[in-house]
2 protein chains.
Amino acid sequence: MKTETTIQSLNAALSPARLARKTIGFVPTMGNLHQGHLNLVREAKKLCDVVVVSIFVNPIQFGPNEDFDNYPRTLEADSQLLAEVGCDVLFAPSVQQMYGDLPRRTAVVVGEITEVLCGRSRAGHFDGVATVVTKLFHIVQPDTAFFGQKDWQQLAVIRQMTRDLSFPIDIVGVPIARAEDGLALSSRNGYLTDLQRKVAPKIYQSLTDAEKALRKKTPLAEVLTSIEANLTKAGFEIDYVEALTPDLEAVNAFDQDIVLFVAAKLGNTRLIDNLVVKYS
Amino acid sequence: MKTETTIQSLNAALSPARLARKTIGFVPTMGNLHQGHLNLVREAKKLCDVVVVSIFVNPIQFGPNEDFDNYPRTLEADSQLLAEVGCDVLFAPSVQQMYGDLPRRTAVVVGEITEVLCGRSRAGHFDGVATVVTKLFHIVQPDTAFFGQKDWQQLAVIRQMTRDLSFPIDIVGVPIARAEDGLALSSRNGYLTDLQRKVAPKIYQSLTDAEKALRKKTPLAEVLTSIEANLTKAGFEIDYVEALTPDLEAVNAFDQDIVLFVAAKLGNTRLIDNLVVKYS
């Protein structure tokens with residue numbers, strides 16, 4: 001595996017693959033990799049000739065009160081995991097390399113679907129994501145890019161942006177990787193105390209319970225209230241419990257495919273999860 | 001010359017050039033072509049193997065009170081001019097082809113330098129330009145794109161966007177094409193009455209007079225006031241007369257390279273022009 005830290009050296013590393021018309025798969029990450037990320041790389045390996053993973057903790061997608069400075073940076077361990085799983089090129093640029101010194105004045109802004117769910121409590125977050133992913137798409141020029149379904153809203157925003165801006169790139173969503181007890185894998189799980197770690201799987205349990213209730217014709221509103229009550233009782237501070245269509249449109253009843261979304265805090269750690277519930 | 005009206009057929013037309021690693025030059029236009037546009041094509045022919053010109057009257061860059069519906073559409077004449085000057089592929093998509101039916105939610109937004117000059121009176125105009133140019137860049141995937149210096153602010157916005165979003169595209173600005181009497185060529189000149197057409201060159205005359213005055217050490221503020229007075233006397237309704245750096249930063253004196261900008265109406269027709277005044 002090659003590791004490149006500049007746009008120029010990345011281009012040099014990818015040039016032979018481009019000349020040979022090999023397909024390039026791209027997995028953008030912020031590092032601190034777990035099996036969820038590695039699943040994205042495995043999926044990319046299946047579909048593309050060459051796999052590029054980026055590790056870049058992107059300052060412009062963190063709010064002023066968020067954890068940019070303390071976000072875990074574990075490049076050495078990440079690099080070893082990526083090499084083991086067959087990543088071809090790791091792109092790990094500095095903030096300086098990505099944003100430079102000149103005034104930065106351009107943002108890619110996705111409306112509406114960024115104003116629900118996590119967008120309500122994280123102003124500007126998805127603009128930061130859409131902007132950096134646009135830059136990375138231009139730098140890597142992949143044929144296909146891979147995103148985890150755990151950040152379902154992020155995936156929906158990237159899909160919308162890709163379609164709206166006519167990017168010549170296929171977007172693939174990869175199912176959530178979970179611990180044996182059901183907890184969705186996340187870089188933030190490392191912040192949990194042992195006790196919190198034991199409580200955390202209740203999010204996924206409440207989602208699967210909710211699916212069962214929906215299939216027994218319990219009304220959607222009642223099901224959502226019940227998730228909220230269960231998690232609050234277990235010690236979570238709820239940010240949102242919501243149902244939307246897969247494209248993040250509003251939905252009033254379980255009369256089509258829906259996605260159940262939860263964001264909740266255990267202590268200072270904010271966890272998110274979701275579950276697709278197929279109608280047919 | 002090939003003419004393509006869909007993204008798919010354009011890709012098919014460009015595929016052999018891409019496989020042969022030929023360089024692609026791109027000239028985005030709204031049609032109603034004049035020598036200014038044709039100069040862009042000639043410049044592209046010099047620098048690139050294959051030249052693509054797009055003709056697309058982009059609805060999202062027109063304000064509610066602007067002339068989208070009445071904007072001149074002269075595809076047949078344009079097509080002939082392009083063929084004569086050696087354009088290889090004309091891309092002339094419909095609004096439906098470019099924007100489709102699905103909800104459009106993504107905008108490319110460039111701050112600060114879009115809020116001066118034309119940006120003040122044309123809210124949202126440059127967002128519309130930046131967004132459609134981003135789409136066209138993704139569709140055509142050129143190596144180099146060519147823009148006229150007449151729309152200096154537009155060129156500056158595209159340069160800023162290209163740098164900020166790491167587009168792998170070189171941007172070339174091409175000098176203003178002028179009629180013999182100095183009037184900057186523009187699609188909008190066709191709206192002028194014979195009488196207005198005779199008055200219109202006074203914009204350029206006032207700019208060249210201003211350059212002379214600056215070289216004789218007349219203070220910048222005085223020079224700008226004088227342009228405004230001369231044009232008002234000649235029957236123009238002034239939108240702005242301003243001096244900025246080439247990157248559209250504020251400037252107080254002629255102590256560096258500057259650009260003089262004028263926007264003014266004759267009757268209902270809004271004309272713009274500019275002149276670079278080199279310091280050294």
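Glycine is treated like the rest: Cβ placed from N, Cα and C.
Annotated features in TrEMBL:
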{"type": "ACT_SITE", "residues": "B:His37", "note": "active site, proton donor"}
{"type": "BINDING", "residues": "B:30-37, B:148-151, B:Ala177, B:185-188", "note": "ATP binding site"}
{"type": "BINDING", "residues": "B:Gln61", "note": "beta-alanine binding site"}
{"type": "BINDING", "residues": "B:Gln61, B:Gln154", "note": "(R)-pantoate binding site"}
Ranked by the number of other Cβ atoms within 10 Å of their own Cβ, which of the binding-site residues B:Gln154, B:Ser187 ranks first?
B:Gln154
Neighbours of B:His37 (active site, proton donor) among binding-site residues B:Gln61, B:Gln149, B:Gln154 (C-alpha cutoff 10 angstroms), in sequence order, are none
Measure from the Cβ of B:Gly36 (ATP binding site) and count the other Cβ atoms within 10 Å, all protein chains considered.
21
With H, G and I counted as helix, E and B as strand and the rest as coil, say where DSSP puts B:Gln149 (ATP binding site).
coil
Would you kindly give the Cα-Cα distance separating the residue listed as 'beta-alanine binding site' and B:Gln149 (ATP binding site), rounded to the nearest Å?
18
If you count the other CB atoms within 10 A of the CB of B:Ala177 (ATP binding site), including all protein chains displayed, you should get 18
Could you find out if DSSP has B:Leu33 (ATP binding site) as helix, strand or coil?
coil
Cβ atoms other than its own within 10 Å of the Cβ of B:Met30 (ATP binding site), all chains, total 18
Can you give me the Cα-Cα distance between the residue listed as 'beta-alanine binding site' and B:Ser187 (ATP binding site) in Å, rounded to a whole number?
16
Surrounding CB atoms that lie within 10 Å of the CB of B:Gln61 (beta-alanine binding site), all protein chains:
21
Lowest 10 Å Cβ neighbour count of the recorded positions B:Leu33, B:His37, B:Gln149 is held by B:Gln149
